[in-house]
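Marked as signal peptide by TrEMBL: 1-18. Residues or ranges marked as heme c 1 binding site in TrEMBL: His63, Cys77, Cys80, His81. What TrEMBL records for His98, Cys117, Cys120, His121 is heme c 2 binding site.
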Amino acid sequence: MALMLCLGVVTATGTASAEPLYDKARGTAPLLETTKPPVLGNPINDDVRRTRNYAQQPPVIPHRIDGYQVDKNFNKCMDCHSRTKAEVSQAIPVSITHYQDRDGNTLAQISTRRYFCVQCHVGQDNATPFVRNTFQDVDSLLLKALQNPANASKKP
Ligand code: HEC
Ligand code: HEC
């Protein structure tokens, strides 16, 4: 905290003319004050699976998850997303990585490393992103490389 305060002082004096740096999610409220985040109004619930931006991305959740119990007694997500429930629920069963422990052993039950699903998978909301994102996926990079005349002689 002390370090953050020091850094705050440096940026405040260092960039006097430019727009002061602040966290877009909490606004200009001072560090020691608590802000009231806006309520997420209307989670996306269209059941349309989204493209993953890269192969290792945890897919985002295309359905509502409010009220789903995930604690030491019960995992509501696995009530639909486990291997054996897929036929009834028509949910995509969790992949093999979700059954592996940190030593690479494949377990019979969901691994504790993957128990709390929303650590990695998130529901979506029709909100404007706070921060501009210039990420390009590998397909668009390949396409750009192919369109570059310098690479014309190379085969894809
Ligand atoms: C009632 C059954 C059910 C429950 C409970 C459920 N899901 Fe799903 N889930 C589905 C179905 C069915 C789909 C396929 C798309 C759709 O219909 O929404 C899906 C899709 C997904 C996907 C997208 C997978 C992909 O490859 O794009 C993720 C991620 C996901 N669910 C995570 C969760 C998490 C995390 C929870 C618990 C918080 C959860 N689900 C609870 C039925 C369920
Ligand atoms: C530590 C992060 C992490 C946690 C926790 C986690 N997942 Fe995943 N999940 C991933 C990643 C990364 C992928 C994509 C690569 C893969 O399959 O491992 C994925 C893939 C999936 C898929 C798509 C599987 C497929 O074959 O297309 C579903 C469905 C899913 N997870 C559901 C869940 C559910 C339900 C839970 C909770 C029981 C959960 N995940 C917990 C990271 C996580």
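Note: Cβ is positioned from N, Cα and C throughout, glycine not excepted.
Rounded to the nearest whole angstrom, the C-alpha distance between His63 (heme c 1 binding site) and Cys117 (heme c 2 binding site) is 14. With the fewest other C-beta atoms within 10 Å around its C-beta, Cys120 stands out among the binding-site residues Cys77, Cys80, Cys117, Cys120. With a cut-off of under 6 Å between the Cβ and any atom of ligand 2, the binding-site residues His63, Cys77, Cys80, Cys117, His121 reduce to Cys77, Cys117, His121. Taking His63, His98, Cys120 as the candidate binding-site residues, the subset whose CB lies under 6 angstroms from any atom of ligand 1 consists of His63. In terms of local Cβ density within 10 Å, His98 ranks first among the binding-site residues His98, His121. A helical conformation is recorded for Cys117 (heme c 2 binding site) in the three-state DSSP classification. Other than the site residues His63, Cys77, Cys80, His81, same-chain residues with C-beta atoms no more than 8 angstroms from the centre of those residues' C-beta atoms, the heme c 1 site, are Ile61, Ile65, Tyr68, Lys76, Met78, Asp79, Ser89, Ala91. Here the binding-site residues are His63, His81, and the one with the most other Cβ atoms within 10 Å of its Cβ is His81. Taken residue by residue with DSSP, Cys80 (heme c 1 binding site) is part of a helix. Max Cα-Cα distance over the annotated heme c 2 binders (His98, Cys117, Cys120, His121) is 13 Å.
The heme c 2 site is defined by His98, Cys117, Cys120, His121, and by the 8 Å test on Cβ atoms against their centroid, the other residues of the chain that qualify are Pro58, Cys77, Val94, Arg114, Phe116, Val118, Gln119. Straight-line distance linking the Cα atoms of Cys77 (heme c 1 binding site) and His121 (heme c 2 binding site), rounded to a whole number, equals 11 Å.
DSSP assigns His98 (heme c 2 binding site) to a helix in the three-state reduction.
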